[in-house]
Structure formats: structure tokens, C-alpha cells
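First up is the structure itself, then whatever we jot down about it.
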Amino acid sequence: MFKDIFQKKRKYATIPSERALPGEGQEVLERPKREIPEGLMNKCSKCGTIQYSKELEKNLKVCPACGYHMRLNAMERIAMVLDDQGFVEFDADMISVDPLGFPGYSNKLEQQRLKSGLKEAVITGEGTIDGLPVVVAVMSFDFFTGSMGSVVGEKITRAIEHATEKRLPLIIFSTSGGARMQESILSLMQMAKTSAALSRLDEQGGLYISVITDPTTGGVSASFASLGDINIAEPGAVFGFAGRIVIEQTIRQKLPDDFQTAEFNMQHGQLDMVVHRKELRATLGKLLDMHSEKGGV
Amino acid sequence: MAGELPYEAPLIEMRKKIDELVQFGQEKGIDFTDEIARLEERYHRLEEEIYTGITAAQKMHLARHQQRPTALDLIQLIFTDFIELHGDRMFGDDLAVVGGLAKLNGKTVTVIGQQRGKDTKDNIARFFGSAHPEGFRKGLRLMKQANKFGRPIITFIDTKGAYPGNTAEERGQSEAIARNLMEMAKLSVPVIVVVIGEGGSGGALAMAVGNRVLMLEHAIYSAISPNGAASILWKDASKADQAAEAMKITAKDLLEMEVIEDIIPEPRGGAHRDYEASATFISEALVRHLDEMKGWSGDQLKQDRYEKFRKIGSVTFEPQAPIEAPQEPVEVDVASNLSGNAE
């Protein structure tokens, strides 16, 4: 439904090439640079439309021109989806170590903390939506491209185990570039760990809703993000296992623009629905309500 | 020696010299027995030196050796009465995954392997051992069948990774891998995994959620191929050897990190030197580990598998205030406070 309204329109910036340069005698005019105060305006990374940051915030960081759902960090997502009061965070002070002594990893972790203001790529906790209790795990692409290392795996596993133990529904908001290669095999094993935890929730009859946001790929798409009883994606979100470039090199063909988007996945039966950010909270509330009748789950 | 690797060059050189000397002695009728014996001794010392100090990067090349035994090679040697079963019942029959029934020491088991091709034509048919979703689903179908009939599952891991193609994505590559991870955790029969060559990423893991994960001595197992890591980290895929060392991909590394339970020795120089000996070593390990789980209930097996993966990971806690969740600002009645102060 929304697919039609928010169809991605790729608009390319035109860069004058050699041939397009003005002919002899014509003066090359430099475009005057417009000074824009930091933070006042925001440029859509998809269509390039510039708008007031305040307006964008009001629109839940969805570009009013092209409908692109901009990336949110975990705190923004929690504020947007959960009820205002009563969020309790789990394992807030759990941080990564450098288990392999991988070159440059410790420094990179420090940089990521400073850059994003987050301690790791996921925040977990318990809160409510429309008054209904729910356990959530919310990933941030801001921190280390949302990559899953030991901390992400452990925090998510604990959240799943908490949901299983307390018989609460679980929602995971995924966004990730995949496994964190600086933790090599340990990060790969987090896929098995989180999925095994989900198997227990599943066998117990617990509800798990997976919300896929832009982008969700690699080890995260190939573990918990794909395992929801209900899989929801935001419009335009890239969701797939292998990267576009790798695939293009393998098949030696150009892939269509919409490859691996939410709409593409919808068409190929990988999703239950594509939900606009404005409708997300209400949709989740409804789903929780529909699963709440038999007492908790 | 057939299929030699670069680091074996000094050995080949020396072997050639010994052979030449033997031949020269025979032709001219001169007795070189002492010299030959001394050279043979030096050869063995050199061999010892080279093969005990195989680096992670060298193991990477060994694990990918064209002549290294494939899953089917080993299945034929380890088991008797192998009956291959086909198809995922949904889309097709992915030849990158083979599986079926077989007998190990007279007992029926389900065996599943990731299958590289033996030559170019075979490799094309088998997508170089990189499975599509139908391959993972075929594997899962056979595992569920084993679960139904209560027989152990043995999987052989040997893949660069899941097939990175548009068709695989369209049919839900992510879902297929994820589903296997979740469903393997639910199995009530013993699952033994043996990484026989390259354990590449999610494609390997999708069939590797076992009670016991074993690795051949020179096999490797990692989250991303060393080539991939090098191209991402240093924008240079040719630094794969360097990445291989940093990424801790060898059986010894993984045993130390408690990701695997056991290392299966290989014949000197690698599994490709002696298929029969390799099969014997694997067979012994399989029987031993199955025996250890004898009499375990389904719940016990599930619990054991859960705990095995549950404990993997390395984290720490920062002794600082947790990040505050965004909350409505607490409304303080400023007016009344002010008036109170004024009084």
C-alpha cells in the first residue's frame, strides 16, 4: 500500500563532466556556496532535499519529499515506539573487550563510543506500548555499523531469556552491517546463540516480532531478524544476506535499484508487512493486544 | 609429491637431490649409502620443522587445497551403506549440500555434507560448495527426519560461505540460514559437526549447531573469509594471509576459545596426502564422541547444545552510570518554588 505512495525516486546530482564543460570563451561560474548553520537544516541522503531539522523531527525523520526512512539510533527509536514512562534498560554498562587482540579494534571501539554517544550497537530493556508490557532490543547503525559482536549477542540473548522467563512478548528492531569481524568466530557464534535463545521462546509459545530497519544484512539478517513470528520492515529498508556489490561481482550483472529493499522482500514472501514509521507504534500496539488475551502471551 | 604448496618447496628440492644422488650412484656404481642416509635424516628434520610450524595462512591454503578430500570422499570411506537422499521438497535439489542415511560402526546415522566440486564441471554444478536456500532447507529436512527416527546427525562443513547471488536472496537466504540455526537448537538427537575444510561464515554455521563441533587439524573456521576481511579492513584482498593470522581461524585457536571441542589429527602434510588415514581419524573421533553422549535424553542433548553456544562470547562491564532512557522531563512547578523562595 505504502509502497505506491513512497516509491523511491532516485534523483541523481548532475556533476558536469569533461564534455559538458562550457565551450571556449565562456566563463566557468562557480556556484556560490550557501552557508547553513550546523544542525539547522538536514539533507536527505537519498534524494538530497534540504529541510529544516525541526520539520524532519516532526515527521519522524522520514523525508517529506521522497519518503526515505532515515536511520534512527536506539534512543530515538525507543522514544518513538515505547510509552513515555517506565522503560527499564538491561545491562546498560556491558561493553566490548578485544578478545582476539585484533589490530586496531580497541581504538575503533573508543572512536565509535565518542562518535555515537552509545556504548554498544544495541540497547535492551523492558517497557510498554499502549500500556502492554514488552521486552525490546533496539540496534543502532551509528555504533560500528550495528555490527554484532559478543556484547550485541549477549545483550540480545539475555533480553530473549528475560522475555521467555517472564512470559513477555519480544520486539527486536534490527539494523546491522553483519558480524563484527574484529571478533571473528566469536561474533559468528552469536548468530547461533541468539537463535537458540529464540528457539526456547518459540517452544514456550512466546510472541516475537522482528522489525527490520535500514539496513539489516549479514549475520543479523541471517539470525534473529529473520525469525519473527511476524516480520515487519520499514519502507525502503535494505534487508538481505549478501551485499549488493558482492552479488553483482558473482553474477556479473547489474542488480535492479529496488534489489533487497523491503518492497522487494515483500514481493518475494520474506515479510509479513511493510509499515510506515507513522503507523509503526499503532501496528505494534495492535499486534501486542491481539496476543495478550491468553494472559501475558 | 602431488599438489604441493609453496611452503613445501624446500622439501621437494631436497627430495629431488636425494633421488638424483641415488640414480647417479646406481649408474656409476659408486656407493653413496652414507651420504644418502645423512640426507634422508636432514630431510626428515626439515619435514618435521615445516609441518609442525604450519601458520594460519598456510592452513588456509591447505584447507582450500584442490585435492583435499571432500565430504563425499570422506562419507564413502567413513560409513558403509550410504544412501543419498535428495531435495528440499520446496524448490529443488541443491548439489552444494549432500546427505542421506549411512551406517557408522553398524549403527544408522544421518550424514549431511557441504560438497565442493572435484573439477570445474562438478564445481559449477555444486556452486563451489556454496549453498542456496534450498541447500540449507534440504539439510534441515534431513535433520528433522533424523530427529523423527531418533538417529544421530553428523555434518561435514566445507564451504566458502552461502551463495551470494540474487536468486539466493530472492528465495530467502537469510531466512534459510536463520531457520536452521533455530531448528538445530531444538533437535533431540546427538549432533556432531566436523569442519573438514573451510568453515566460511553463516553458510558454514547454518549446519554447525552441534553438541560437539570438531575440526580437522588444518581446517579453518571464521566469520568472514580472510580475503573478505582484508578487502574490508585494508582495502586489499591480497592481504588475506595477514588477515588469516589476525583473525584466529585455526583449530587450535578455536579450541582455546572453547568454540570447538576437539581437534582431529591429519596425516603428515595434510588430509589430501592420505584419504584413508584421514577417514580413520575422523571415524575414531565420531565414535568416541557419540559414545560419550550415549544414553542422554532428548532434553539433555538440547540443554547441552544450548549451553555450548550460550557461553560463547567475551564481554565486560563498565563500572559507570547506565545510559538514561529518554523520559518525559519531570515537571517541576517552577512558579510555586519561586514564590516559596521569595517568602
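Easy rule for this one: first residue shown is 1, then count along the chain.
Even glycines carry a Cβ here, placed using N, Cα and C.
Feature zinc finger, per TrEMBL, maps to range A:44-66 of the set A:44-66, A:182-204, A:205-227.
Per DSSP, the secondary structure of the zinc finger (A:44-66) breaks down as 6 helix, 4 strand, 13 coil. Around A:CYS63 (Zn(2+) binding site), the C-beta neighbours below 8 angstroms that are at least 6 residues distant in the chain are A:CYS44, A:LYS46, A:CYS47, A:THR49, A:GLN51, A:LEU56, A:MET70.
The Cβ centroid of A:CYS44, A:CYS47, A:CYS63, A:CYS66 marks the Zn(2+) site; residues of that chain outside this set whose Cβ lies within 8 Å of it are A:SER45, A:LYS46, A:GLY48, A:THR49, A:PRO64, A:ALA65, A:GLY67, A:TYR68, given in sequence order.
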